[in-house]
Amino acid sequence: MNTPKSDNYLSELRKVIWPIEKYENKKFLPMAFMMFCILLNYSTLRSIKDGFVVTDIGAEAISFLKTYIVLPSAVIAMVIYVKLCDILKQENVFYVITSFFLGYFALFAFVLYPYPDLVHPDPETIESLSLAYPNFKWFIRIVGKWSFASFYTMAELWGTMMLSLLFWQFANQITKTDEAKRFYSMFGLLANLALPVTSVIIGYFLHEKTQIVAEHLKFVPLFVIMITSSFLVILTYRWMNRNVLTDPRLYDPALVKEKKAKAKMSLIDSFKMIFTSKYVGYIALLLIAYGISVNLVEGVWKSKVKELYPTKEAYTIYMGKFQFYQGWVAIAFMLIGSNILRKVSWLAAAMITPLMMLITGAAFFAFIFFDSVIAMHLTGILASGPLALAVMIGMIQNVLSKGVKYSLFDATKNMAYIPLDKDLRVKGQAAVEVIGGRFGKSGGAIIQSTFFILFPAFGFVEATPYFASIFFVIVILWIYAVKGLNKEYQVLVNKTEK
C-alpha cells in the first residue's frame, strides 16, 4: 500500500522525468510531433545536400553556395514571408510556405533527381568554360549542377523558415509562460532524438543490400519520407488549430499576451554599438569567432570525407552517422551543461568551447599535415589509415563544437548580458545578433570562397595550411575575447552585488 510520502516522491519524480500535466498532453504531444517531423527533414536534408554537392561539384563549392546563393535566398525568403503576413492569416502563411517546400521536394524527387542529364547543361561545355575562366570555375560548376545547388539552398532554408521561424513563432504564440518553462526543455530533448532516427533511416535505405528501387534512384525513398513528413506537419498544424486552439484550458488569447518586439538595429547602428562598447564588442567577437572557426574546419573536413567516401550513397551514410552522434552528444550536453555552469566560474565555463575547439582543431590539422609520419608510427597499431583518422577526429571536432553550442556557449554568452543596464542589454543584444549572426555564419564561407576566386588553382588540399593558420588566429582571438569579457563581466557583477 502506497503511503502519502511515497506518493509525493513518485509525483515529484514524474515531474522531473515528464513535467507535462496530463491534460496538457493534448497540446504538448502534437507540438513535439511537429517539431520532430521538421527536424527529421532538417537532419535528412543536411546529410543529403552535402552528399550531392561535395561528390558532384566539390567541397569547395559549399562556401560559394553559402555566400552567393543561400544568403541572398534567405533575405528574399524573409521579404516574401513579410509580404505574405500582410495579405494572409498566420495559419494560411504556414500552409503556403510548408506546401511550397513539399512541392519542391516532390519536383526534385520525381523530376530533377531521376533525370539529371535532361536538366543539367552538357558537362563538356561546363568543363571548357571552367578552364577558360578559372577564377569563376566554381560558379560555372555550380551552374552545371544547378539542381543540386537548388536542393542545397532549399535544405538550408528549411531550417531557417520551418524551424527557426514558423514553428517557434507558433509555439511562442500559443504557449503560456508557465507552460514554456516545462515545454521548451522537453522539446529540445525530444527534437534531438530525430538525429539518431535520421541516421538509422539513411543507413537502411542507402545500404547496398537494400534493393527497393533501381540503383541510380537510391535516394527516392528518403525523399518520399520527407514529403510524407512535410504532409504530417501540415495535418498536425491544422489539427491543433481546430482542436487545441479552441480548447479554453489550453489556449486563451487574452492570457497569451503579445510579447514586446525585440529591439532591431540597422547594420550601421550595430557597428557603432559594437565599436563604442568594449563589452558588447567582446560578445560579438565570441559569436563571430565561433562561426568562422567551425566553418573553416568543417570545409576541410568535408573535403577529407569525400576522399574517404567518394560516392553520394557512402558520403550520405557517413553524414547520417555524424547526425547520430551529434544528436546524443547534444542531449548529453543539455543534461550536464547546467550542472557545469552551477559548479564553475563564468570564465571556466566560457573557456571550455574555444579550448575544446583549439585542441580538436590542432589534432585534426596535425593528422592532415603529418599524415605520412603518423602512418609510419601507427602502422600495425591501428587498423585505420591517417585519412580515416583525420576524418574521425574531424567528426569528433564537429560533434563537440555543435554539442557545446546550445549548452555552454549560448548559456555563457546570454549570461554576459545580465549585468548590463536595460538599455545597453536590449540594444547590445540586437547589435550582436546583427553583426555576430551575419558575420559568424557567413564569415568562414566568405574567407574560403574569396581565397578560391583569387587562387583558382587551389583546392582544399593546397589551401588547408592557410585555412589552418586563419583558424588558429581566430581561436586565439576568441580566447583573448573571453578573458577580456570576463574582466568587464566581473566588474559589473561586483557592482550589482554591492
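The count begins at 1 with the first shown residue.
Here the Cβ of each residue, glycine as well, is placed from N, Cα and C on the backbone.
Relative to the membrane, Asp56 and Ser303 are listed by Swiss-Prot as lying on one and the same side. Secondary structure of the topological domain 'Cytoplasmic' (342-348) per DSSP, as helix, strand and coil residue counts: 5 helix, 0 strand, 2 coil. Taking each of the binding-site residues Arg438, Lys441 in turn and counting other Cβ atoms within 10 Å of its Cβ gives the largest count for Lys441.
Beyond the ends of the topological domain 'Extracellular' (114-147), by six or more residues, the same chain brings 52-53, 56-58, 60-61, 64-65, 68-69, 108, 216-217, 220, 449, 452-454, 456-457 to within a C-beta distance below 8 angstroms of the stretch. No contact links the transmembrane segment (280-300) to the transmembrane segment (93-113), because fewer than 3 Cβ pairs that are 6 or more residues apart lie under 8 A. Mean pLDDT for the topological domain 'Cytoplasmic' (169-184) in this predicted model: 74. Across the topological domain 'Extracellular' (206-218), DSSP assigns 3 helix, 0 strand, 10 coil. Most Cβ pairs under 8 Å to the transmembrane segment (349-369), among the stretches 34-54, 68-88, 219-239, 466-486, belong to 466-486. Beyond the transmembrane segment (321-341), the same-chain residues lying 6 or more positions past its ends with a Cβ under 8 Å from any Cβ of the stretch are 43, 46-47, 185, 188-189, 192-196, 198-200, 202-203, 349, 352, 395, 398-400, 402-404, 406-408, 411-412, 415.
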